[in-house]
Amino acid sequence: MTWRCGCYGLVLLVLGVMGQKLPTRDEGLFQMQIRDKAQFHDSSVMPDGAEISGYLFRDTPKRYYFVVEEDNTPLLVTVTPCDAPLEWRLTLQELPEDRSGEGSGEPEPLEQQKQQVTANEGTELFTYKGNDVESFISSSSPSGLYQLEIISTEKDSNFKIYSTTTPESDQPYPELPYDPRVDVTALGRTTVTLAWKPTPTGSVMGQPIQYCVVINKEHNFKSLCAAEAKMSLDDAFMIAPKPGRDFSPFDFAYFGFVPSENDFHKDRFLTTNRALSNKMSRAYIPKPKVADIQKICIGNKNIFTITDLKPDTQYYFDVFAVNTGTNMSTAYVGTFARTKEEAKQKTVELKDGKVTDVFVKRKGSKFLRFAPVSSHQRVTLFVHACLDAVQVQVRRDGKLVLSQNVEGVRQFQLRGKPKAKYLIRLRGSRKGASTLKVLASTRAGGKQPFPALPEDTRIKAFDKLRTCSSVTVAWLGTQERNKYCVYRREVSESYGEEHRRREQNQCSGPESRRKSEKVLCKYFYSANLQKAVTTETITGLEAGKSYLLDVYVVGHSGHSVKYQSKLVKTRKYC
C-alpha cells in the first residue's frame, strides 16, 4: 500500500510509472516527511501513519483519499472531532484491472483513458455520526481506492484524522489501562485530588508519556483537541485554514476513476456557495473566561491535586495521556465532583450600646447579629474600620437595608420595626485583614460613643516653621468638643511611607503608646467649620532627626480614633 504525502507528488509518480505498482513506504523518508507538517496541510491525500488536522465549514463536506495496493492489508482509520459532532463515512472503489498489471511504462493519451473509465460510487465500509473519537479497524482489507468523506452539520469545526496500514506496530495513541476511570480521592472546599491508573504505553512499553488534566464547569471532553478548541475561542471570528488543492477529474483519471460531470459541478457549486454563506454568517463567539477552563500538564505523575477552586461548585475533570514523541493523545473516562460548602461561620451577638471588636480575614467574611429586646423606632450602627476598607451589609428580617464600603468611622441610621432582627455581614478587602469596632444601639439622643471626625484626617506640617528642635503642625477639628492627644516617636532615616501605612491602625489608642512619647492633650472645637483648625508646635526635638507624629481624638465614652500619621524631620543646621 502507498499513501503519498502530497497530491502533486502522487500524480507525477503515477504519470511516470503507469504500469507498475506503487512502491511501499520508505520508513526513513516517511519519518523525515511527517515532521514537515506543511507537506500534509490541507491535502486531500492521507499519509500512512501520520495524524493530520483539518477544518470544515458547516454543511461543506471534505474528502480524503488513499490507495491500498495489495489485498489482505490491515487498516486503521481514526477520526477525532474537536469542536462539534461530525458525520463521516469510508467507501472503497476497486482499482481497475488495467492499472494493476505490468505496463509499457508509457502513459496513454488522456482522452483514451477517459473513455476507459466509468463512474463508480464504491462500496460503503463504515459510517458514523457523533462527537466520539471513532475508528474503522480491519485486519484484512482489499486493495482499492479508499475515500473518507467528512461533514459538520452544526458549525464550522476542526478535526483530526489518523490512518495506517501497520496498526500493530505503529500504536501512536497511548493505550488505556484496564481501568480507564479517573477517581476523586480527596475533596475539600477549594481543592480536589485526582488519581488514575498509568498507561501501559509509558509504564510497560517505555514510551515518553505525560498527563494533561483539564478542568471546567460545563461538561467532560472526549478528546484533548476538543478541550483545546474550547480554550482557543477568540473574541473575533474563527479563522479557517486557507483552501487547499482538492482532487480534480484529471487526478481521478490517472487513478483509474472519474466522478460524473453533474456530481462534480454540483459539489463544486454547493461547496463554493456554502463556504461563502458560512463565512458571512458565522456568529461572534465570546472568549470564555480563563477560570472557566484550564489545562495543566503534569509530567508522568498519576496523582494530582487541583487548588484554588470555588466552594460549593461542580467541576468536570478530564485526564489525557499524551505521547510526547507523536503528540497524539488518549482520553481517560472523565469524572466530576462538587466542592464542599464554606464552613458556616459562628454569628457574633451584638449587645445594645456595647462596642464589639471584630477581626475579618483577607477576602473573608464575619457575621454579626443584633436582636433588640424592646421595640424600637430606629437603630444607630457605628462601624470603625481600623485598617483597610470593608464592605458592610445589613439585612433586617432577611431584607437588605444597607450595603456600603466603609473607611474610618461611619454612622448609619436604620429604621426599626417591632421584634426586628438584624444580620450584619462584614466582608474584608483583597489587600489584607481588617480590624473593626462595631456598636449598635436603639437608644435615642445622648452622647455618641465614637468621636466625630472631619472629612480630612491628615496632619499638615509647615516646612517654613521647622527648626533644629521643633516642628509646627495643624489638623482639622469639628463642631463637637473633643479631646485631642499628640504623640511623637523617633524613627530611622530609612523609615518611609510603606512603614507608615503598615502601622496605620486607627483603632490603636493612646493606651498603646509609651508615656515618654506623649507630647500633650487638649480640648478643641469650633462652631464654624471653616475655622475648625488647630495648630501645635512640638518642641524638644533633636537636629536632623525624623519623627512620626500621631493625633488621637478621644470620644466621651473613651473610644479614640487616630488621624493619619505624619512623618516630619527637623533641620540639621540652623
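Placed from the backbone N, Cα and C atoms, the Cβ positions cover glycine too.
Per Swiss-Prot, the features are:
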- 174-329: domain 'Fibronectin type-III 1' (DOMAIN)
- 451-560: domain 'Fibronectin type-III 2' (DOMAIN)
- N327: N-linked glycosylation site (CARBOHYD)
- 97-118: region 'Disordered' (REGION)
- 1-19: signal peptide (SIGNAL)
Cβ-Cβ neighbours of N327 (N-linked glycosylation site) (radius 10 Å): 10
Mean of the pLDDT scores, which run from 0 to 100, over the domain 'Fibronectin type-III 2' (451-560): 88
For the domain 'Fibronectin type-III 2' (451-560), the number of residues DSSP places in helix, strand and coil: 18 helix, 41 strand, 51 coil
